[in-house]
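Listed features, source Swiss-Prot:
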{"type": "BINDING", "residues": "His97, Asp99, His154", "note": "Fe cation binding site"}
{"type": "BINDING", "residues": "Arg164", "note": "2-oxoglutarate binding site"}
{"type": "DOMAIN", "residues": "79-173", "note": "domain 'Fe2OG dioxygenase'"}
Amino acid sequence: MNHLRLQILDQATCERLLERLANEAEWLDGSLTAGAHAKGGKRNFQINYDSALRKEIHELVERAMWNHPVVKGFCLPRKLHRFLISKTEKEGGYDTHVDNAYMSSGRSDLSFTLSLTDDTMYEGGDLEIDSISESYPIKLKQGEILIYPSTSLHRVCNVTSGIRTVCVGWIESYVQAENDRICLFQLESGARAVLAKHGRSDELDLIFLAYTNLLRRLGG
């Protein structure tokens, strides 16, 4: 499993944010924040990065991510950074691209998309992520987040009706290598499941010891 999908915001919070974005946001051409190779293929709008509303949403989403143990276990985050709020209207999308490896705010090991709109509010607009042999489309429900490797080619298909509004950003992990992160996540998840089912034991202490020392060794 190289991506994580789960709910981190409730519907009421998302609806409140959508209402504020509709009434207060200053929307700019989204291509202004695209890399040189992707600029021509980005057809969306983004809220002014310096606006108080963007900073408020950034803080809310970042807090929800830091407070979610599965997000922390999967990402092993050193830094969550460069939160952008974008909306894609009819005929808008974002052609195939890979995210920049380094930004002024940090390194991109993992990318995330948090959907403020529900998948019933628009048509088209699937996020497609390429694997070695195929592409798989993903459409998020309201309040769901998808976290995936920044090393992947991906795209946002054209929206055919409605409006797709999301918060996107990047994660710099303590563990840069994807396979190492996945192994650590599986080890910790298994250990915590055993702890919940059987309670503490000397044997389980050894597993947590191995996890901690592996994290220390693999982390940068």
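Cβ coordinates are placed from backbone N, Cα and C, and glycine is handled just like the others.
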- Write out the long-range same-chain contacts of His154 (Fe cation binding site), meaning residues 6 or more apart in sequence whose Cβ is under 8 Å from its Cβ. Thr96, His97, Val98, Ser111, Leu127, Glu128, Ile129, Asp130, Tyr148
- In sequence order, what residues of the same chain, 6+ apart, have a Cβ less than 8 Å from the Cβ of Arg164 (2-oxoglutarate binding site)? Lys87, Thr88, Ser115, Thr117, Met121, Tyr122, Gly125, Val156
- Task: Across all the protein chains here, work out how many other Cβ atoms are within 10 Å of the Cβ of Asp99 (Fe cation binding site).
- Result: 19
- Specify the count of other C-beta atoms within 10 Å of the C-beta of His97 (Fe cation binding site). 17
